[in-house]
Amino acid sequence: MKGLYSAVLASAIAGAFAAPSPVEQGPVTARAAMAACATPVTLSGNPFASRSIYANKEYSKEVVAAAASMTDSALAAKASKVAEVGTFLWIDTRARISVIEDNLKDVPCNQLAAFVIYDLPGRDCAAKASNGELAAGDISTYKSEYIDPIVAIFKKYPNTAIALVIEPDSLPNLVTNADKQACKDSASGYREGVAYALKQLNLPNIAMYIDAGHGGWLGWNDNLKPGAKELATVYKNAGSPKQVRGISTNVAGWNAWDLSPGEFSKATDAQWNKCQNEKTYIETFGPLLKDAGMPGQAIVDTGRNAVTGLRKEWGDWCNVKGAGFGVRPTSTTGSSYADAFVWVKPGGESDGTSDTGANRYDSFCGKDDAYKPAPEAGQWNQAYFEDLIKNAKPAF
């Protein structure tokens with residue numbers, strides 16, 4: 001789904017959804033000329049502390065094409081800089097596995113390849129815009145035709161560092177949307193699938209972050225401990241894999257890092273959510289994860305969170321109007337719980353269609369604060385991309 005979430009407070013549910021690199025990349029030609037590591041990589045500690053994120057070829061190609069179509073030369077020059085920012089590459093179908101190797105073979109030793117694992121059976125059980133290709137319960141296909149082939153490719157590149165975000169929205173949905181029939185149908189597959197992915201992808205050169213929604217989702221006071229328990233249980237069911245570093249938050253989201261008071265601090269229900277920004281969220285949730293038995297470090301998606309005050313509710317997740325590219329990927333976060341600010345969501349790719357007649361139309365993509373017109377999730381939206389550049393903070 002490349003960007004959906006659901007936020008719940010006790011009986012009140014507000015739908016909501018949401019990358020990365022410590023140092024911005026140099027030109028593509030310079031990157032390609034650098035050598036891969038001479039010996040196998042073993043990641044421990046913060047993987048972003050000494051490595052920046054490789055600017056994957058798929059997103060770079062989209063951005064270069066977008067820049068070429070611009071008549072404003074100044075804007076086009078800024079767009080070309082976006083192509084050099086290390087951004088996570090979403091592997092959201094079995095067919096998409098075919099691009100992985102091309103985005104591993106040229107990664108230099110001072111960078112890491114970054115991917116999103118995102119194809120669970122019954123994916124996005126609480127939303128429509130980014131429903132996946134596998135039916136709820138089809139866990140055998142997920143294992144044998146999705147995870148296993150990815151693992152086989154990664155094993156061919158032991159000298160390359162890799163960072164993974166594991167299954168955005170999945171486990172958070174089981175915490176807050178357990179009453180929805182689609183989530184009931186998907187629950188066992190989510191838990192088994194994520195555990196399988198964690199166990200099989202537990203290779204020395206890989207660092208994994210399990211998705212944990214955002215502060216406006218699991219950050220509600222009543223969701224914090226159940227959320228930590230859900231994630232930690234799956235982590236332990238996987239055998240407590242050594243290469244799981246912690247969690248990813250704000251994926252494809254809009255939440256500010258450390259805005260105080262928070263964006264929704266004046267809402268009538270704010271008293272029940274003490275996590276009004278992502279910094280407070282990870283520094284509150286991280287210790288709870290540790291108490292529950294899993295690592296509590298985090299990476300936070302700052303790809304589109306430059307502008308606040310745009311949404312009417314926490315749960316408004318779709319193509320928010322007026323958004324801008326946020327802080328570039330960096331491991332300088334100012335929080336001992338945050339490994340890095342990253343760009344997980346490829347800015348310019350739609351969160352969901354605004355076409356009310358489409359099969360995957362979700363009402364959140366038709367709300368007043370959602371940009372229109374918008375294509376299907378994952379498809380390019382040129383006008384929206386241009387706005388992200390114009391509204392970027394810091395500016396390009």
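Yeah, the Cβs are placed from backbone N, Cα and C, and that goes for glycine too.
Listed features, source TrEMBL:
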type     : residues                                             : note
SIGNAL   : 1-18                                                 : signal peptide
BINDING  : Trp90, Asp92, His214, Trp217, Trp317, Lys345, Glu349 : substrate binding site
ACT_SITE : Asp124                                               : active site
ACT_SITE : Asp169                                               : active site, proton donor
ACT_SITE : Asp351                                               : active site, proton acceptor
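Candidate binding-site residues: His214, Lys345. Fewest other C-beta atoms within 10 angstroms, Lys345. The recorded positions listed here (Asp169, His214, Glu349) include Asp169 as those with a Cα within 10 A of the Cα of Asp124 (active site). The 10 Å shell around the Cβ of Trp317 (substrate binding site) contains 35 further Cβ atoms across the protein chains shown.
In this record, substrate is bound by Trp90, Asp92, His214, Trp217, Trp317, Lys345, Glu349; the longest C-alpha to C-alpha distance in that set is 23 Å.
All protein chains shown were included, and the count of other CB atoms within 10 Å of the CB of the residue listed as 'active site, proton acceptor' stands at 31. Distance between Cα atoms for Glu349 (substrate binding site) and Asp169 (active site, proton donor): 18 Å, as a whole number. Distance from the CA of Asp351 (active site, proton acceptor) to the CA of His214 (substrate binding site) is 16 Å. In this structure, the CA atom of Trp90 (substrate binding site) is 14 Å away from the CA atom of Asp169 (active site, proton donor).
Cα spacing between Lys345 (substrate binding site) and the residue listed as 'active site, proton acceptor': 9 Å, rounded to the nearest whole number.
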